[in-house]
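Novice: Okay, here's the structure, questions in a sec.
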Amino acid sequence: MGKSRILIIGATGYIGRQVAKASAALGHPTLILVRETTASNPEKAQLLESFKSSGITIVHGSLEDHASLVEAIKKVDVVISTVGGAQIADQLNIIKAIKEVGTIKRFLPTEFGNDVDKTSAVEPAKGLFALKVKIRRAIEAEGIPYTYVSSNCFAGYFLPNLGQPGLTAPPRDKIVIFGDGNAKAVFVKEEDIGTFTIKSVDDPRTLNKTLYLRLPANTFSFNELVALWEKKIGKTLEKVYVPEEQVLKTIAETPFPGNIIISIAHSIFVKGDQTNFEIGDNGVEGSELYPDVKYTTVDEYLNQFV
């Protein structure tokens with residue numbers, strides 16, 4: 001059996017570009033759906049050129065244009081959505097088109113974070129996660145084969161400044177820690193998320209399951225992360241612990257979109273939502289399924305900042 005033909009919707013976005021690159025690199029015939037106007041953005045135009053040179057086919061269309069969706073989906077076996085937060089609900093249009101085409105072997109909706117079915121997040125993250133839950137239930141109700149990729153933290157969002165807003169490098173004097181710093185989280189380099197995602201599309205073990213990236217070398221509590229950084233720079237940082245009550249107050253007082261970021265951080269670093277449950281029968285873990293993937297460890301990632 002040849003490798004599945006893959007359509008990626010949202011391929012010019014932050015995680016979408018990594019998924020698209022991995023798809024081409026792993027030898028899948030890859031199509032991306034982009035609006036005709038995308039090429040008028042210079043940064044996106046350059047990205048589209050690099051996609052073309054790696055053999056990716058560009059098709060024009062959008063989530064609002066049903067005919068374009070159907071036309072693109074007819075050409076492939078697998079659909080991956082990596083659309084951003086503002087378009088989560090619009091994935092109902094993808095579901096409708098997949099249903100109409102009727103030949104899709106797998107749909108991966110936009111996930112790439114915490115498992116939204118296992119969360120104790122507060123608003124506004126709670127509402128954002130609820131939209132993803134709604135999409136999951138719609139996929140299941142239509143009987144569309146799926147894989148949900150729960151890849152946890154993007155390394156690039158968090159590790160370059162150890163979660164300290166406004167800093168461009170990890171701190172060398174003082175660090176603010178939410179909660180007691182003991183909840184464990186998982187930090188995965190974006191390129192590796194792309195690789196694990198594409199590895200899963202033709203794998204019967206991930207069919208109608210959640211693929212968790214709970215990579216052993218990348219699972220750290222905040223305290224462990226700080227200790228690793230201190231060891232690298234040979235210096236002890238002053239640690240400021242923010243109790244949960246204060247974190248909740250900050251969320252309530254912070255305007256959008258800052259409150260979303262803090263409420264997601266609360267879910268991860270105070271509640272431990274990435275690791276506070278066992279992976280059950282409806283889940284599989286990426287590094288166990290694909291031991292051949294040499295992912296970048298947190299230890300290696302931090303070396304660039306020393």
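A Cβ is built for glycine as well, from the same backbone N, Cα and C atoms used for every other residue.
Worth saying up front: this structure is predicted, and the values here are computed from it rather than measured.
If you look up Swiss-Prot, you'll see GLY10, ALA11, THR12, GLY13, TYR14, ILE15, GLY16, ARG35, LYS44, ARG136 marked as NADP(+) binding site. Marked as active site, proton acceptor by Swiss-Prot: LYS132.
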Novice: Assuming the binding residues for NADP(+) are exactly those in the record, GLY10, ALA11, THR12, GLY13, TYR14, ILE15, GLY16, ARG35, LYS44, ARG136, what is the maximum CA-CA distance in angstrom, rounded?
Specialist: 29
Novice: Quick one: what's DSSP say for LYS132 (active site, proton acceptor), helix, strand or coil?
Specialist: helix
Novice: Within its own chain, what residues at least 6 apart in sequence put their Cβ under 8 Å from the Cβ of TYR14 (NADP(+) binding site), listed in sequence order?
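Specialist: In sequence order, the residues whose Cβ lies under 8 Å from that of TYR14 (NADP(+) binding site) (at least 6 apart) are GLY84, PHE154, GLU190.
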Novice: Non-local Cβ contacts of GLY16 (NADP(+) binding site) (under 8 Å, 6 or more apart, same chain)?
Specialist: ILE8, ILE9, GLY10, THR82, VAL83
Novice: Looking only at C-alpha atoms, tell me how far THR12 (NADP(+) binding site) is from the residue listed as 'active site, proton acceptor', rounded to the nearest Å.
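Specialist: Checking the Cα atoms of THR12 (NADP(+) binding site) and the residue listed as 'active site, proton acceptor' gives a distance of 20 Å.
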Novice: Name, in the order they occur in the sequence, the residues of the same chain whose CB lies under 8 A from the CB of LYS44 (NADP(+) binding site) and which sit 6 or more residues away.
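Specialist: THR12, THR38 - these are the non-local Cβ neighbours of LYS44 (NADP(+) binding site), listed in sequence order.
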Novice: Using DSSP and three states only, what is TYR14 (NADP(+) binding site)?
Specialist: coil
Novice: So for GLY10 (NADP(+) binding site), how many other CB atoms are inside 10 Å of its CB?
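Specialist: So the Cβ neighbour count for GLY10 (NADP(+) binding site) comes to 23.
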Novice: Run through the Cβ atoms and count how many others sit within 10 Å of the one on LYS132 (active site, proton acceptor).
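Specialist: I get 24 for this one.
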Novice: Can you tell me how many other Cβ atoms are located within 10 Å of the Cβ belonging to THR12 (NADP(+) binding site)?
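Specialist: Result for THR12 (NADP(+) binding site): 21 other Cβ atoms within 10 Å.
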